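Lifted from TrEMBL, the feature list:
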type    : residues                     : note
BINDING : Cys82, Cys87, His164, His169 : Zn(2+) binding site
Amino acid sequence: MSIALKQVFNKDKTFRPKRKFEPGTQRFELHKRAQASLNSGVDLKAAVQLPSGEDQNDWVAVHVVDFFNRINLIYGTICEFCTERSCPVMSGGPKYEYRWQDDLKYKKPTALPAPQYMNLLMDWIEVQINNENIFPTSVGVPFPKNFLQICKKILCRLFRVFVHVYIHHFDRIILMGAEAHVNTCYKHFYYFVTELNLIDRKELEPLKEMTTRMCH
């Protein structure tokens with residue numbers, strides 16, 4: 001990795017603190033296995049498949065946390081260029097606009113500038129993944145019945161970060177020499193959510209042409 005790229009993706013650039021897995025836990029072992037597969041240059045399509053004998057919820061939990069950390073880092077590298085002036089609406093080109101709703105302050109879908117939307121999105125995901133009732137870290141504590149539904153919503157919203165970054169800020173990613181890194185992260189994400197059917201196909205439409213070129 002070039003020095004410039006190391007600076008782009010160093011820990012100080014992270015948008016917010018990383019969520020880590022506790023060493024010695026089953027999820028830590030799965031996380032290590034997933035990372036080893038990626039680092040070995042294995043086919044990404046094969047790397048996302050549920051390992052034999054493993055629990056699907058554990059596999060999804062590991063990936064949701066990992067994708068949050070990675071995508072949060074990607075947005076952190078361009079967030080100074082994503083301003084209320086440059087991005088007054090959270091969008092993915094002229095056809096797609098994303099509105100924020102969280103059942104707390106924003107009870108109805110609300111149009112917001114992209115940086116405000118991103119902050120709310122990352123805060124909301126952070127609350128979910130640090131909630132022991134949703135992402136239990138203790139051995140033997142079961143996942144909630146609606147775990148996959150929550151993860152689908154998290155992944156759907158993380159995909160919108162890719163949409164905004166690719167359509168509105170990819171020139172900055174190229175200037176920083178981070179294009180290959182971001183593309184690999186996107187391919188990994190895309191293969192994972194489609195392998196386990198975790199995102200509605202219509203949500204993937206904004207990047208359909210690019211995905212067809214990159215992932216098939």
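Keep in mind that glycine also has a Cβ here, set from the backbone N, Cα and C atoms.
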Counting only residues 6+ away in sequence within the same chain, which have a CB under 8 Å from the CB of Cys82 (Zn(2+) binding site)? Tyr75, Ala114, Pro115, Met118, His164, His168, His169
Top of the binding-site residues His164, His169 by count of other CB atoms within 10 A is His164
Can you list, in sequence order, the residues of the same chain other than Cys82, Cys87, His164, His169 whose CB lies within 8 Å of the CB centroid of the Zn(2+) site? Ile78, Phe81, Ser86, Ala114, Pro115, Met118, Val165, His168
Excluding its own, the Cβ atoms lying within 10 Å of the Cβ of Cys87 (Zn(2+) binding site) add up to 19
